[in-house]
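Features of the protein shown, as given by Swiss-Prot:
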- TYR202: active site (ACT_SITE)
- 47-76: NADP(+) binding site (BINDING)
Amino acid sequence: MNIEWFAIGVGAIVVLYILYHFIKMIWSILGLYVFYQPIDLKKKAGASWAVITGGTDGIGKSFSFELAKRGFNIYIVSRTQSKLEQTKKEIMEKYSNVEVRFATFDFTNPSISDYKKLLSQLNEVSIGMLINNVGMLFEYPENLHKTVGGIDVVANVTILNTLPVTLLSAGILPQMVSRKTGIIVNIGSVAGAAKMAEWSVYSASKKYVEWLTGCLRKEYEHQGIIIQAITPALVATKLSGHTETSLFCPDSATFAKSALNTVGHTSQTTGYINHQIQCEMLALFPECFLDSFVKKSSVETREKALAKKENKHLL
């Protein structure tokens, strides 16, 4: 009888465990993207300026426009002066009630002195929200020693995907702590959710973003500061190499709006309902299946990239 009751107890625990994770999975999709209402970001931020790194292209540019729409003054940090000027012009033409500033900064090869100068410039304004968006992707997936561009590119991807998010957070947090309000959103990638062969450095660098965000959230959770990671899957941008939208590949404007609507409701999410469904479904499969899926996807991506390069060469 005791053995029977023990077996029943173990069975009940297993069922409850499975039920808990099932409800958690459903809620991470429906609760976050259907039932929760967006918070007033500007009110929660406690200051009028939003800083966006890599804000002249793709997701970063769409974040800049969406935050301007929500009443923030916009401070863009990016590399190319002409793109910064053009983006500023476009935002101010559409949202004349906001102020737009920019700082020209190359995140691939800065010194600590360069970062100190940048942070001094940024801290001249009251920053309510920081979006650490700047990132770099390899030309196509490949074994580490075969990376196009060699160790220079490997170094750039590693540095650009980890250092800016760390140093800008460290440099801007003091004014948020003093106000006891502020929002930091760190843009990672679904690539950080699994050990991805042929994406090793990129995947590892995006896992760093997740881990750092989680640690910072614990450090500052009682100081009125929201710190959240957004880990998207495929978005139609120049960086991703995909320009056509689909059910699981939204345009950057759609993604940015959806992602910002999740801020304040969770510690980490993909930012888009269909991406969240993808991730929750993939999490149900064993690692060997994911490895096979990643391998197939990597081969297809590499073949497309090489074919595109060959076509350009022929032209």
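Heads up, the Cβ atoms here are built off N, Cα and C, so glycines get one too.
Where Swiss-Prot records a feature, it is marked here on the structure.
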{"residue": "ALA47", "record": "NADP(+) binding site", "DSSP class": "coil"}
{"residue": "GLY55", "record": "NADP(+) binding site", "DSSP class": "coil"}
{"residue": "PHE63", "record": "NADP(+) binding site", "DSSP class": "helix"}
{"residue": "GLY71", "record": "NADP(+) binding site", "DSSP class": "coil"}
{"residue": "TYR202", "record": "active site", "DSSP class": "helix"}
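Within the group of recorded positions (PHE63, TYR75, TYR202), the Cβ with the highest number of other Cβ atoms inside 10 Å belongs to PHE63.
Between the C-alpha atoms of TYR202 (active site) and ALA47 (NADP(+) binding site), the distance comes to 33 Å. Each of the binding-site residues ALA47, ILE59, LEU67 was scored by how many other Cβ atoms lie within 10 Å of its Cβ, and the smallest score goes to ALA47.
For the binding-site residues GLY55, GLY71, counting C-beta atoms within 10 A of each C-beta gives the highest total at GLY55.
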